[in-house]
């Protein structure tokens, strides 16, 4: 493939920029070749969409302050799934680099087959557990997802653990035996749950992931839900966990937790001390389906792995417990409650004189149209990305497309969003791009916390009538940021809005690279769109 002069010039500019910032931070370079490949993580062979031919995709890592340069090469050819692609770096704020955020038709046009795009962004003040995934239709459900970790050499919790590396990342994924678009409007229960790269469908005895621990060390595990649909009850038989991070933000250590309910796109770091009798212990991820908050699936799609002590004398401990026997499944005594997590730092106060700073998003499902709505409107991708519309001089919510799905926000204000419960198909994990937010009121809680609530980027909404979720954040990051349900099938059915933050300031704050300008003309001239 011939490289355009703009592409070459862009690469040289980026390399010069990277050299200029190297004194302040490092440079993390990665190439992701997006390919089709037949894999069988649960014993069933199917074609998939993968980064570098593996699932999950390769770990991308760096340190706080680093610049990340990630070249995405689209080598897809299987028309039974999406062949265009984008990649979103989930949880990264993207200050000054809204163009690199990734959601198709919000911040960019998709990358078509046989073309590449170089994402370039700096992470100056974030550290923690993130991930990356396709943000084109339901493509990430077909396998395009992987871990992204930003380490902090000055981590305030570093005295609590001894090991934190690629062996302590635990990913949870739902896996389907059919291409994701065939499951729409869906979703349907997954055929299996994968812990890292392996799963067992229908209660089989196929191999599972084994995670080894040395009883003389303490481990920081980074738990990532890469799911498209279910949420999970995660636990490790016989072991408690100390939570120290949620969605890339440190929390006050919360100890003695024996179960974590984790929703799609959420992440937690927990410290585990292997202080039990040496042996093997089941790691469990029991999926819960939509509308079912009390009965996890402990049989057909139960996710399993093994925590193995390196000084064990045998394998009897795990083998003697039937993981599918409910009578042998440990009952949680102290499960994690979101409202018990507390962040560091000050919660921003409301701007009482700001009429545009308090929003309510009413979610609903239209059974006739078979779509989701936010305040009565179902989101449909515009033909021109919202960022490009803004850079071309369109600033008002009345003018920006898609109509009635774009909300403009003033700059440097505190925004409070209320999301009532009782939503069909919930709970719904709502993710806001470009920001972390304080969860003033959590799902299922009748109390508010404006002192030290958890700071995160994905929060569950659902519950009963009258059950509100309230979040709060500062508008310090001009650009269009999509807010959507992270059940990917629901996003495909219109469960989203765009928050256009200080649109009149975007041109000064965001400067896309030349190859970004080429994406839409290439997309428009592609012979077909899939």
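Note: Cβ is positioned from N, Cα and C throughout, glycine not excepted.
Per Swiss-Prot, the annotated N-linked glycosylation site among residues 275, 292 corresponds to 292. Site annotation (Swiss-Prot): Cu cation 3 is bound by 135, 433, and the candidate from 181, 484, 490 recorded at this site is 484. Listed by Swiss-Prot as binding Cu cation 2 are 90, 133; the candidate from 486, 529 that the record includes in that site is 486. Record check, Swiss-Prot: Cu cation 4 site residues include 485, 490, and the candidate from 428, 431, 435 also listed there is 428. Of all the glycosylation sites listed here (240, 392), it is 392 whose C-beta has the fewest other C-beta atoms within 10 angstroms.
As a whole-number mean, the pLDDT of the domain 'Plastocyanin-like 1' (36-154) in this prediction is 98. Here is what falls inside 10 Å of the CA of residue 428 (Cu cation 4 binding site) among the recorded positions 82, 88, 484, 486: 484, 486. A Cα-Cα distance of 11 Å separates residue 109 (disulfide bond) from residue 135 (Cu cation 3 binding site). Nearest Cα neighbour of residue 88 (Cu cation 1 binding site) among the listed recorded positions (135, 240, 433, 484, 485): 135.
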